[in-house]
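Taken from Swiss-Prot, the feature active site, proton acceptor applies to Lys175, supported by sequence analysis. Sequence annotations record features per position, and here Swiss-Prot assigns NADPH binding site to Trp24, Arg44, Arg45, Lys92, Ser124, Arg239, Glu265. Per Swiss-Prot, sn-glycerol 3-phosphate binding site is recorded for Lys92, Gly120, Lys175, Asp228, Ser238, Arg239, Asn240.
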Amino acid sequence: MNTSAEGQSPTSPQSVAILGAGAWGSTLAMLAQGQGHRVRVWNRRKGLDLAEVLQGSQILISAVSMAGVRPVVEAVRQVGIPPQAILVSATKGLDPLQLLTPTQIWGATFPEQPLVVLSGPNLSAEIRQGLPAAAVVASRDPWAAVQVQYALSSERFRLYTSSDPLGVELGGTLKNVIAIAVGVCDGLQLGANARAALVTRGLAEMIRVGSKLGARAETFNGLSGLGDLLATCHSRLSRNYRVGYGLGQGQPLSQILAEIEGTAEGVYTAPVVVEIAAQHGIQVPITQEVHLLLQGQTTPTAALTRLMERQLTSE
């Protein structure tokens, strides 16, 4: 994009539309309002007028669940958006129909819009409490990434830019499955050694998948990969970790999901990653065991045994 044509300073007040009023969408709205921006939040269930919310928006942030991405994209397509509006995806998941990331779905419908991925170790409850956090905004359009960086950064929320949107997006998505595995480990009370092994080998698994799909391996060592993985695997605030912990304690998946507010995206990401891995010949043993466990086709103990008894190899 021609940046000079925008005439918009990164520090100028912006008009920000946020799609999704869940925990993350509400947190992003709080961050944007704290920086003096004009913020409008749209929630399908509240019957708000989408056209009114989008009118004049310079930054449009999608913070809906993965299941809501396609319906929201279609709703936005019907209404239309300002031609220079920056589309930001803050969703972590994979589409089970076409095996696409959220940004790929947005890009297919709005190929002319600048696209940005926002991801990182961002437990929304901590951010709402005013605790410090950092994240990454990634785009093939450097100007768009900088616009979003300055729009949301504050003394308590630091944003870095990246030119690898696919890597940033996949890091935030793939780690949800590994977090379930780590939760199972803790639910079984297997100790710090086992947890460290799962996190480390889980990161290697994420890198294998991401690299095969075209992301840069080094991206996964940053905030959106390792950073998000560590936060998600070491906090009871993480829905995915809580799913795994409950399974490790012997609770039925249906009961666990009923007790969790919001969506544990890793539950729905696991089968998609298994399918992608099968298509591309990628080894994802941890994800495979998580998938079997979620489907009720194995037990936590049996899954652990299979992982430990895999053929010995180099790291």
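Using N, Cα and C of the backbone, Cβ positions are placed for all residues, glycine too.
Around Ser238 (sn-glycerol 3-phosphate binding site), the C-beta neighbours below 8 angstroms that are at least 6 residues distant in the chain are Leu123, Ala179, Gly183, Ala231, Thr232. Most other Cβ atoms within 10 A: among the binding-site residues Arg45, Lys92, Arg239, that distinction falls to Lys92.
Candidate recorded positions: Gly120, Lys175, Asp228, Asn240. Nearest to Arg45 (NADPH binding site) by Cα distance: Asn240. Looking only at other Cβ atoms within 10 Å, the busiest spot among the binding-site residues Arg44, Ser124 turns out to be Ser124. Close to Glu265 (NADPH binding site) in the fold, though at least 6 residues off in sequence, lie Ser65, Met66, Lys92, Gly93, Thr173, Asn176, Arg239, Asn240, each with a CB less than 8 Å from its CB. Taking every pair among Trp24, Arg44, Arg45, Lys92, Ser124, Arg239, Glu265, the residues listed as contacting NADPH, the largest Cα to Cα separation comes to 23 Å. Annotated pair Arg44 (NADPH binding site) and Asp228 (sn-glycerol 3-phosphate binding site), C-alpha to C-alpha distance, rounded: 28 Å. By the criterion of other Cβ atoms within 10 Å of the residue's own Cβ, the least surrounded of the recorded positions Trp24, Lys175 is Trp24. Across Lys92, Gly120, Lys175, Asp228, Ser238, Arg239, Asn240, which the record gives as binding sn-glycerol 3-phosphate, the greatest C-alpha separation is 15 Å.
Separating the Cα atoms of Asp228 (sn-glycerol 3-phosphate binding site) and Lys175 (active site, proton acceptor) is a whole-number distance of 7 Å.
Residues within less than 8 Å, Cβ to Cβ, of Gly120 (sn-glycerol 3-phosphate binding site) and separated from it by at least 6 positions along the same chain comprise Ala133, Ala134, Ala135, Val136, Gly172, Leu223, Ser224, Gly227, Asp228.
In the three-state DSSP assignment, the secondary structure recorded for Ser238 (sn-glycerol 3-phosphate binding site) is coil.
For Asp228 (sn-glycerol 3-phosphate binding site), other Cβ atoms within 10 Å of its Cβ number 30. Every protein chain considered, the tally of other Cβ atoms within 10 Å of the Cβ of Asn240 (sn-glycerol 3-phosphate binding site) stands at 28.
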